[in-house]
Amino acid sequence: MEKVLLHSCCAPCSAAILEWMGQNGYEPTILFYNPNIFPEEEYLKRKNEIVRYAKEIGVTIVDLDGGNAEIRSGRELTAGMTEPGNVEGQQGTAGDFWERQHTQWLKCTVGLENEPERGGRCLACFKHRLCTAASYAADNGFPLFTTTLASSRWKDIRQINEAGFYAEEHCGRGLTRFWDRNWRKGGLYERRNILARQFYNQQYCGCEFSLAHRNHSSDTIN
């Protein structure tokens, strides 16, 4: 089976992809690195759902947003490594990790705060997250990396692919390739919607900017 690193944004977007990979000769490892998610309560809801699901199906999940934990088949293990998404030697509570990572992520959005959804801010966010995925894949022997962002109705798949190939070139060091499969085709989007019923389903992409956009849109409609 071919190893692949799957950057996961959330459980609803991951389940159908993980199912397909298992049926088609791939051995996925889930990577959770999503410091864009705001507020912390929302971040924890999404993380807890994908961790729960990974344990249920026995797939390894690596958490780069804080805690340096590798979780495999229901057991939590200390990874004992410096992940590219973390500050070396950082200590503190889960909340401390989230705050530090989110503050670091905000730096990539400076000057892009007023960009529309699917604009330049989203591209910068994808590059930030997928560069971390590419670096981890290169460091840990994954010939392929891909992302569940490509299954999300919230996002522009052309931007995701641009960010993925950017990450391959600038962060993969020639050791890993971005897999630009369209995870919405071949019945996967329909399957996603069926499997998503078992999870918490968010109503906005993740960051404070997308939350504000959703709230503004709701106010306009109402």
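Each Cβ is built from the backbone N, Cα and C atoms, and glycine gets one as well.
Predicted, not measured: the structure shown is a model, and the values here were computed from it.
Quick look at what TrEMBL lists:
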type     : residues                    : note
BINDING  : CYS9, CYS10, CYS122, CYS125 : [4Fe-4S] cluster binding site
DISULFID : CYS205-CYS207               : disulfide bond
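Known features from TrEMBL, placed on the structure.
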residue: CYS9; record: [4Fe-4S] cluster binding site; DSSP class: coil
residue: CYS122; record: [4Fe-4S] cluster binding site; DSSP class: helix
residue: CYS205; record: disulfide bond; DSSP class: coil
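CYS207 (disulfide bond) has a Cβ environment of 23 other Cβ atoms inside 10 Å.
Cβ neighbour count for CYS10 ([4Fe-4S] cluster binding site) (all protein chains, 10 Å cutoff from its Cβ): 27. Counting only the Cα atoms, the space from CYS9 ([4Fe-4S] cluster binding site) to CYS205 (disulfide bond) is about 9 angstrom. Rounded to a whole number, the distance between the Cα atoms of CYS10 ([4Fe-4S] cluster binding site) and CYS205 (disulfide bond) is 10 Å. Each of the recorded positions CYS125, CYS205 was scored by the number of other CB atoms within 10 A of its CB, and the lowest score belongs to CYS205. Cα to Cα, CYS125 ([4Fe-4S] cluster binding site) and CYS207 (disulfide bond) are separated by 10 Å.
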